[in-house]
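Trainee: According to TrEMBL, the feature domain 'XRCC4 N-terminal' maps to 18-113. According to TrEMBL, the domain 'XRCC4 coiled-coil' annotation covers 117-194. Marked as region 'Disordered' by TrEMBL: 205-224, 229-302. Among the features that TrEMBL reports, domain 'XRCC4 C-terminal' is placed at 223-299. Among the features that TrEMBL reports, compositional bias 'Acidic residues' is placed at 229-239. Per TrEMBL, compositional bias 'Polar residues' is recorded for 240-249. Taken from TrEMBL, the feature compositional bias 'Low complexity' covers 257-266. Positions annotated as compositional bias 'Basic and acidic residues' by TrEMBL: 292-302.
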Amino acid sequence: MERKISRIHLTSEPNIAHFLQVSWEKTLESGFVITLTDGHSAWTGTVSESEISQEADDMAMEKGKYVDELRKALVSGAGPADVYTFNFSKESCYFFFEKNLKDVSFRLGSFNLEKVENPAEVIRELICYCLDTIAENEAKNEHLQKENERLLRDWNDVQGRFEKCVNAKEALETDLYKRFILVLNEKKTKIRSLHNKLLNTAQEQEKDIKQEGETTICSEMTADRDPVYDESTDEENENQPDPSGSASAAVSKDDSIISSLDVIDIAPSRKRRQRMQKNLGTEPKMAPQEHQFQEKEKKLEN
């Protein structure tokens, strides 16, 4: 059985504290037992479910809402103390309570009680219940205190682990950042080295292209100068035989050629070197004078 004990002040005797006990088996809606005492006398009564329904009909309220109002007034003690007022007539044993709404008040419920023949037993029961409730609450408080201490230790432990994790995380981040900086610097060095290498390669290629261009220009200039050296000089033109000349001049030249033991090439040495380079690997060409000398010898032998 559940019960609830509260201290109330009656409107007829505001200076005397009265104690009100409400007990029920299942729910407050199914009925309850009410007990009132001033410490000397005691009164009790039973409220059935039908009486609760009748009161709700008289108040023109739904039964569930009316039961909630009963719980607030008799059990919960919700709201300010002047919201619900209680009154009791010892002569008629009539107990009723009202609810105040601003300037308006209405009767919320009323019950007929009976005087208890042995009030000491009721008061003793109320005191025992209060002491048992206090002991139970103290035990609950002690258990809750121990639970709070355990939770506080766990919290401190978790906080310590959390701080260690934070420190480890910061250390790991610092280490990773340092490694990242090292890798980044290495990558920058490699990129810079590769860039310099590519730049040097490009410069070397440009230099080689420039040298090849200069070599080509020099070869073209040399090729342009070669025909000049292939032409005969003025001295060679003077020593060459004149095809339109007289026979006596030819004979005198032939005699001079025969009389001379050595044939001197009056062409410049540079011209001879140039001819030797061009005619390397081929048969040397005979000079016109030597060809005439051979023809002259053939005529004399005949």
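FYI, residue positions are counted from 1 along the chain as it appears here.
Placed from the backbone N, Cα and C atoms, the Cβ positions cover glycine too.
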Trainee: Under DSSP, the region 'Disordered' (205-224) has how many residues in helix, strand and coil?
Mentor: 20 helix, 0 strand, 0 coil
Trainee: Give the mean pLDDT for the domain 'XRCC4 C-terminal' (223-299) on the 0 to 100 scale.
Mentor: 50
